[in-house]
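Engineer: Structure in structure tokens, see below.
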Number of protein chains: 4
Amino acid sequence: MADNNDHLVQSQDPDHPANLIPDLCKRFFHNGWCTGTGGGTSIKKDNHIFIAPSGVQKEMMKSENIFVVEFPTPKYPPSERKYIRKPLDLKPSACTPLFLAAFERGAGCCIHSHSQWCVLVTLLVEKMHGKDACFKISNIEQIKGIPKGPGKGMLGFHDTLRVPIIENTPFEEDLTGALEEAMEKYPDTYAVLVRRHGIYVWGDTVAKAKTQCESLDYLFQLAVEMHKLGLPWLKE
Amino acid sequence: MADNNDHLVQSQDPDHPANLIPDLCKRFFHNGWCTGTGGGTSIKKDNHIFIAPSGVQKEMMKSENIFVVEFPTPKYPPSERKYIRKPLDLKPSACTPLFLAAFERGAGCCIHSHSQWCVLVTLLVEKMHGKDACFKISNIEQIKGIPKGPGKGMLGFHDTLRVPIIENTPFEEDLTGALEEAMEKYPDTYAVLVRRHGIYVWGDTVAKAKTQCESLDYLFQLAVEMHKLGLPWLKE
Amino acid sequence: MADNNDHLVQSQDPDHPANLIPDLCKRFFHNGWCTGTGGGTSIKKDNHIFIAPSGVQKEMMKSENIFVVEFPTPKYPPSERKYIRKPLDLKPSACTPLFLAAFERGAGCCIHSHSQWCVLVTLLVEKMHGKDACFKISNIEQIKGIPKGPGKGMLGFHDTLRVPIIENTPFEEDLTGALEEAMEKYPDTYAVLVRRHGIYVWGDTVAKAKTQCESLDYLFQLAVEMHKLGLPWLKE
Amino acid sequence: MADNNDHLVQSQDPDHPANLIPDLCKRFFHNGWCTGTGGGTSIKKDNHIFIAPSGVQKEMMKSENIFVVEFPTPKYPPSERKYIRKPLDLKPSACTPLFLAAFERGAGCCIHSHSQWCVLVTLLVEKMHGKDACFKISNIEQIKGIPKGPGKGMLGFHDTLRVPIIENTPFEEDLTGALEEAMEKYPDTYAVLVRRHGIYVWGDTVAKAKTQCESLDYLFQLAVEMHKLGLPWLKE
């Protein structure tokens, strides 16, 4: 690691993860998903995981700010993770083990958003149905933008989208256990909401993770507005 | 189709459909009309129909992604449609027969939006007036941005804008029959709402389709906010 | 008018009205003030009035689309107005006599916006206080962005901002009488709301008209949100 | 001051305060924090304070519009302040003594925003808890974007964020006493809300002031939406 492997984040290819992550983070910032250094994004390419750092202004990130981990790697403890590039002036993302949990299940990209619509739906679900309930919505066209489960095609218009919700913890790393439990309990899900916090969304590819995150955010926003207007989320 | 007619989507003219469609889709993405690969746009030029593909990120579309069909062409089955350009790695839009229905009635451009305001007004209309009701609003200046009907000039301030609403179906193609019925029943309309889904808006030209879609979206958003504030959509 | 005076709208100076109007209209489009070809803008420079045309996509306007009238000029009938530049393919704005009314009172720039916040406050004022009431708000810092009246400095924090409201008419030109009456009745105002339509805002300079329009739009949006939250517009 | 020290605001370095302030103000304008010439920003570099001027269109500011004061400097009266650069055609910001109060407490950057979310939370707090109450929220992940206090690290998820609220005054300068009292009473705060007006947010660096302002604005917006949905700000 003498030269800190700078070549790993230097590429002319706009589709290289080191270029895609800053581009995506800028877009997500303008969606309100990662203001105030919140949120994050990670991409897997071959046996390398590229991760946006902690605490940076996401809309101003640069390729040189990106961490690279060799995959597979231990989720815990951080000191055992096989970092092959670590920008010296930055801290690795506290989301790292959560991103790794998605990659262990075959994801190609994982997005963490602090969208307010996520926070609001987790609170509305708790208020209406209690802590154990997941978010459910059906009979909205945009549901068709979410997969039914790995290898099962996309949800249909009449299907019910279910997104599990886990409780937040003081330290983001400590969400990993609950996230993995939710992944086991809902093996078809590509997203887990975190109450009072945001969401983790992953996908087979960067495009799928991004468009699934957009479709989910659309549905959460719609759900909040439907609630304000007295319109139920499930067709009666 | 040996060379797949790439020349049909290559032009230096910014007003060529192959350049306009990506430009419009980027604008519509930022309006919230086609996030998560939803929505679509199609333009007729002479006897060619240019159509945005299915499933792509609309704000990142390229001219080379565009399908071209010779017009007229059968709406069904897809295999009989006279595609003269088919990007090999992409799927044709499921909106194709709906766009064709508009072109058969003389449209020059047809836009499909997933705007949340559309979804919300279709739900509010159903809740207040039942499934058979159309959306109605009057005495709002922006109504004057919508035509009274083909060759009839624009609606006046005191006129009532009526937009028919059809029920959604699991497969987008299956909307075609209901869309055409609505077009027959409301021969003056330039738009049909789809409950829990979005809207199809068309116009004689690209500019008219786009500005009519903007005026309708303005009116739907205003109607939702009026409803929240207890303000009726029709002047009492 | 042999060459239609194209030189009047050709300038390298970014602050020339022929360059400012397209630039402002693009900004106003993204504010939601002139989507669907609604709204408009006019600037006075010496004895020339520059006016955005009717019916164009405001965010795509070009300098060559601009009409020029010699000032002073009769407000009515349009055929008597001293147009010194008329793009042949475009219609003059129906707002022209309303803009002229502002210029006759010393304005340097007049903006017409269709902002939904304007429409909603005109409806809320009517519902709460009847047709004769004007919009009133006090004790909000942003009020200080609005002048007290010509030559009187800016409103103070404890002052009450009053914006008169006139009723809409089927033809925009026909608003002129009511607009001028409101200008007489409220000689200190720099803005007149039009119920169910939008607003006319003017200022001594382009910057003042624009920033006053921004401050008013801020206050109308805030007022709508305050109303939703049960917060009164005037300090009790 | 013969040449008015123009060199102080001329730099090729994008991170120089004279380049950062216009860049930040443009971003803040698009956040809705400083429309209509409202709001402002100030940066300390060594013994120089750079301040955006009063009354300019914040999204169009230029480096040459910036005032420079030598620090330390008397807060009052303005005539005693050690201005080392004063653009002749502009007025110094009325926020100057408030910015100076933050710099005297070690800040590196201070932001003043007119965000409507700030105005609305100050009104909601007063309505619910009276004039003496501060804004309080807990158990929201984004709270972790706000420091616990100088040298104390960041707030935790279960901590309660407290932001003091002071009453507005007709002249912005007159807020200084109340601002400083709030700073004494809440020595850990990095922000003070001003009722019916906006907020002052500061930070050790430009990045910290900006991201703290973003996190606070996120929390205020979320709080307003939670209130609309009947969700309490403090976990019960």
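Backbone N, Cα and C atoms are what each Cβ position is placed from, and that goes for glycine too.
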Engineer: Since TrEMBL lists B:His112, B:His114 for Zn(2+), which candidate among B:His7, B:His16, B:His197, B:His227 does it give for that site as well?
Structural biologist: B:His197
Engineer: Tell me which residues of the chain lie with their Cβ under 8 angstroms from that of B:His197 (Zn(2+) binding site), as long as they are six or more apart in sequence?
Structural biologist: B:His114, B:Cys118, B:Val119, B:Thr122, B:Asn168
Engineer: Given the recorded positions B:Cys95, B:His112, B:His114, B:Glu141, B:His197, which pass a C-beta cutoff of under 8 Å against chain A? Sequence order please.
Structural biologist: B:His114, B:His197
Engineer: What recorded positions from B:His112, B:His114, B:Glu141, B:His197 have a chain C Cβ less than 8 Å from their own Cβ?
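Structural biologist: Of B:His112, B:His114, B:Glu141, B:His197, the entries that lie near chain C are B:Glu141.
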Engineer: Please list, in sequence order, the residues in the chain of B:Cys95 (substrate binding site) that are at least six apart in sequence and whose C-beta is under 8 Å away from its C-beta.
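Structural biologist: Expected: B:Gly40, B:Ser42, B:Ile51, B:His112, B:Glu172, B:Tyr200.
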Engineer: Long-range same-chain neighbours of B:Glu141 (active site, proton donor/acceptor), Cβ under 8 Å, sequence gap at least 6?
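Structural biologist: Residues satisfying the criterion: B:Phe157.
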Engineer: Neighbour count, 10 Å Cβ-Cβ cut-off, for B:His114 (Zn(2+) binding site): what number do you get?
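Structural biologist: I get 27 for this one.
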Engineer: For B:His112 (Zn(2+) binding site), which of the three DSSP-derived states applies: helix, strand, or coil?
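Structural biologist: DSSP assigns B:His112 (Zn(2+) binding site) to strand.
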